[in-house]
Amino acid sequence: MKFEDLLLEIGGFGRFQILILFILCLPRINLPMHFLLHNFLAATPSHHCAIPHQEAFVNLTTEEVLIISIPREPDGTFRSCEMFSQPQFHLLLNSSLQPENNSIIQHCQHGWVYDHSQFTSTISTQWDLVCEQRGLNQATATFFFIGVTMGAVVFGYLSDRFDPFEAVPPGFQFHDENFTNLFGRKAMLLLSLVCSLIFGMLSAASVSYSMLAITRTLTGVALSGVSLIVLPLGMEWVDIQHRTFSGILTSIFWSIGNMLLAMVAYLVREWHWLLVAVTGPCLLSIVCLWWVPESARWLIANGKVKQAHRHVLRCARMNGRKDFTVSPEALRRMATDKKPGGSYSYISLFRTPVLRKISLCSGAVWFGVAFSYYGMSMNLTGFGLNMYLSQFVFGVIEIPAKMIMYVLVNRVGRRQSQAWALILTGLCIGANVIIPKPFTSLRSVVAIMGKGFSEAAFTTVFLYTSELYPTVLRQNGMGYTSFVARLGGALAPLVFLLDEVWRSLPEVTYCGVAVCCGSVAFLLPETLNVRLPEGIEDIEKAQVKGPPQISAPEGMPLQSLLK
């Protein structure tokens, strides 16, 4: 008997599952508010070199002072990073003249003056992260995603494998039978939410760039646990028929968070308070997590049958199956046969041939999905729209993209949907390299389409990957793929610096990576209508499509398992 069979008896999508999914959607809202916060936290407003002794030019207007002090770009705008070493009064006679001697032009010597009409303050204006320091500004996002990368390894490992009894001295006994619930999916999710709240508030209180870089990195580590655990924890309570729906539903709340970020950033223009505003909701998620049970699949797979039995009976009661009974012994027989010692690690993902191929290909797909998604999401000003409007529209377009994917992954399948969504993302990015800049409306439409495809790819990859790995390695698999994805997310902001080599090089890079990684998805197995694998042997043997069947061990009546 498999856990899928048990779900048919207790209700695979009833009040119990709806409550769990709703609560787990709350932290999902909070994720994009941090993951895409860099757009507003580190926004760089218009600026120019600070002009020394500006009060001496009492007879000149502000515009005239800029004309004699700041050289112009070919399009007539004032340069952001250079100034004249001496005032050029002759330019007042003809401001279109260009200086004949570049030796009179120097880098800013006295700081910068910023336009505060859109932002009261950002980290760029706080610590002058412009011009030569522009790389540090972009690196703020990279530090965050490096933290997410580290967190993917830590939380993926702990939420699957860590057992407190492995580390205690011989003969030591715990008197609290609930102590074993301190580890697993739920406990790691709680830990990540608490740490996210603490480090998020410390980020808001940063008094130096170094402090901000460290606290944002640690915030990334903590939030990685939320990103990794929310979907598997909810999905492991849902039956096959509603698995896709629950994945899409959870993903929609990411898009809602996207839209909320635009509204919060529009209302809060000071970076300290913006960090407080996007971190505060973690407290609500912590409180609501009290009503979420541990994954019964994880408990059974790790031999914690008593806790699993209690949660299964609670699920049956809430779903109206009050006459349902099952013995702990029946659940114990469900436990996947582990290898000696019952120890699984990230190395287990590469030990067997089929699982090795899945791990390598899914890692490449995740890298491409994250690299292209964050490449588009962090270029809000590159498509001719107001950045708040761009953020909001990018969030809105994600919802119909998810709805379309809900149909496609059930009709076309996971593999085809994943591959083509990522390939089309790359083609849309590449199209905007070709479309001339004056065609702002067309560029905006293509960008919005690309963002929709990008979100479709991200939505599918979470669902697809969680179905590819067996229960005993699911969080390890999600941790590994998330690790690779966050490498893509960490590199994405730095690619913008390539525009100094060639203006279109960042877009060409995003396009090429998306198309190549999308093509790799064709090498993965299809998981449509396939049972969630419990052990590694389920992955290695041939998987047969078809509706779930109630089954029992050979020679044993099914009813005997459901007592």
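We number each residue from 1, going along the chain as drawn.
The backbone N, Cα and C atoms fix where each Cβ goes, glycine too.
Feature annotations, courtesy of TrEMBL:
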- 87-528: domain 'Major facilitator superfamily (MFS) profile' (DOMAIN)
- 187-207: transmembrane segment (TRANSMEM)
- 213-233: transmembrane segment (TRANSMEM)
- 245-267: transmembrane segment (TRANSMEM)
- 273-292: transmembrane segment (TRANSMEM)
- 358-376: transmembrane segment (TRANSMEM)
- 388-408: transmembrane segment (TRANSMEM)
- 420-439: transmembrane segment (TRANSMEM)
Open item on the list: Below 8 angstroms Cβ to Cβ, which residues of this chain, lying six or more residues outside the transmembrane segment (358-376), approach it?
Closed with: 35, 141, 145, 349-350, 394, 418, 422, 425-426, 429, 447, 450-451, 454-455, 457-458, 461, 464-465, 468-469, 477, 480-482, 484-489, 491-493, 495, 506, 510, 513-514, 516-518, 520-521, 523-525, 539
Task: Intrachain residues whose Cβ lies under 8 Å of the transmembrane segment (388-408), provided they are six or more past its termini - done: 32, 36, 39, 244-245, 248, 251-252, 254-259, 261-263, 265-266, 376-377, 380-381, 416-417, 421, 448, 451-453, 455-456, 459-460
TODO: Let me know the model's mean pLDDT on the domain 'Major facilitator superfamily (MFS) profile' (87-528).
DONE: 85
